[in-house]
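As recorded in TrEMBL:
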ACT_SITE  Lys19  active site
ACT_SITE  Asp152  active site
BINDING   Pro110, Val111, Ala112, Ser113, Gly114, Ile115, Gly116, Gly117, Gly118, Ser119, Ala120  ATP binding site
DOMAIN    78-157  domain 'GHMP kinase N-terminal'
DOMAIN    229-288  domain 'GHMP kinase C-terminal'
Amino acid sequence: MAETEASPAEMTGEAAPAKINLALAVTGKRADGYHLLETLVVFARHGDRIEVAESSEDSLVIDGPHADALKDGDLSDNLVTRARDRLRSHLRQSGKSAPPVALRLEKNLPVASGIGGGSADAAATLRLLIRFWNAAVSEQDLRVLALSLGADVPMCLESAPLMARGIGEDIEPVEDMACLPMVLANPGVAVSTPSVFKALVSPDNPPLPPLPATRGIAGMAGWMKTARNDLAEPALSLSPQIGTCLAAIRSSGALVHAMSGSGATCFGIYESMETARQAARQIGREWPRWFVAATETR
Ligand SMILES: C[C@@](CO)(OP(=O)(O)O)[C@H](O)COP(=O)(O)OP(=O)(O)OC[C@H]1O[C@@H](n2ccc(N)nc2=O)[C@H](O)[C@@H]1O
Ligand SMILES: Nc1ncnc2c1ncn2[C@@H]1O[C@H](COP(=O)(O)OP(=O)(O)O)[C@@H](O)[C@H]1O
């Protein structure tokens, strides 16, 4: 844990938006064990936040409602620290300076929950430090750096609607998608991504259906009913609470509901932010210990 903490006035920050897989097909497996995916990804206004300030030594402070899940671990293993160190090595290789920084992570997203909090933090750290260090990094080098930190990190660099293929690095922007009113809910169980991939019965599944031409709220909800998340079944077999979470969202007035990534966070899409907020209140009353957030996609 850091010894020095800069005052908020000296800090500059970057949002680390939650990643939501609206649908996810596992379409194959590489020789190195990584799975090939086709996934439609959006990003929420809700998320973590990273702040940075000048300092005489490197430090990381973690606070926020989900900080405790990370505080016991080795901070040098945190994806924020790893992103800082990888970027610094890259810059120093070409003789550029990357002086010590005081970093603060506001951890609002549950850890190991299928909404890519760690990946979003890594991507936000890269974006923030490139700005803070006034560094020039080519698009190609940035993508390589991001992928070395995790399969989801390149897509989190974009933080806008996209279709990802490969293991997540082959990214195609999706234009003209409406901002989707959404509720995120997590029953409080951390799910290990490698365990979910291991529990998958077959890695060879059909691709997702083609996207609709009109990408309004109703259009996207209709499309999602024809799509799927191939990781839902294996995740449910490991954590049956995911079924309870999906049922709570279904009965809260969602147009459509699903699980994100490898779980356990589930989400619903609603007609309006007002219905999403009502639904979040209803789920929160019924399940006071769950993480529940009404939000909108970016
Ligand atoms: C499943 C997804 C869907 O967006 O999201 P999450 O549930 O983690 O949010 C991602 O593919 C997760 O990406 P990320 O969390 O960055 O994965 P990594 O750290 O690179 O990999 C963790 C482990 O997951 C497995 N893995 C990950 C990605 C992939 N395409 N195939 C895999 O088999 C591998 O066992 C790997 O060792
Ligand atoms: N800043 C971070 N936020 C969340 N998890 C982190 C972070 N740094 C390292 N991790 C580790 O990364 C793993 C995956 O976390 P996370 O990205 O939250 O999962 P998911 O992509 O399933 O939502 C966890 O086991 C956690 O210990």
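The backbone N, Cα and C atoms fix where each Cβ goes, and this holds for glycine too.
Each residue contributes its Cα atom, and for Ala112 (ATP binding site) and Lys19 (active site) those atoms are 12 Å apart. Looking at Ala112, Ala120, the binding-site residues in this record, the fewest other C-beta atoms within 10 angstroms of the C-beta turn up around Ala112.
Each of the binding-site residues Gly114, Gly116, Gly118 was scored by other CB atoms within 10 A of its CB, and the lowest score goes to Gly118.
Those residues of the chain, other than Pro110, Val111, Ala112, Ser113, Gly114, Ile115, Gly116, Gly117, Gly118, Ser119, Ala120, with a C-beta within 8 angstroms of the mean position of the ATP site C-beta atoms are Ala18, Lys19, Leu109, Gly261, Thr265. Across the structure, Lys19 (active site) and Gly116 (ATP binding site) are spaced 6 Å apart at their Cα atoms.
Fewest other C-beta atoms within 10 Å: among the recorded positions Lys19, Pro110, Asp152, that description fits Pro110. Here the CA atom of Asp152 (active site) lies 9 Å from the CA atom of Gly118 (ATP binding site). Under DSSP, the residues of the domain 'GHMP kinase C-terminal' (229-288) split into helix, strand and coil as follows: 31 helix, 9 strand, 20 coil. In terms of DSSP helix, strand and coil, the domain 'GHMP kinase N-terminal' (78-157) has 47 helix, 6 strand, 27 coil.
Among the binding-site residues Pro110, Gly116, Gly118, the residues whose Cβ lies under 6 Å from any atom of ligand 1 are, in sequence order, Gly116.
Checking the recorded positions Lys19, Pro110, Gly118, Ala120 against ligand 2, the ones with a C-beta less than 6 Å from an atom of that molecule are Gly118. A gap of 7 Å separates the Cα atoms of Gly116 (ATP binding site) and Asp152 (active site). A Cα-Cα distance of 10 Å separates Asp152 (active site) from Gly114 (ATP binding site).
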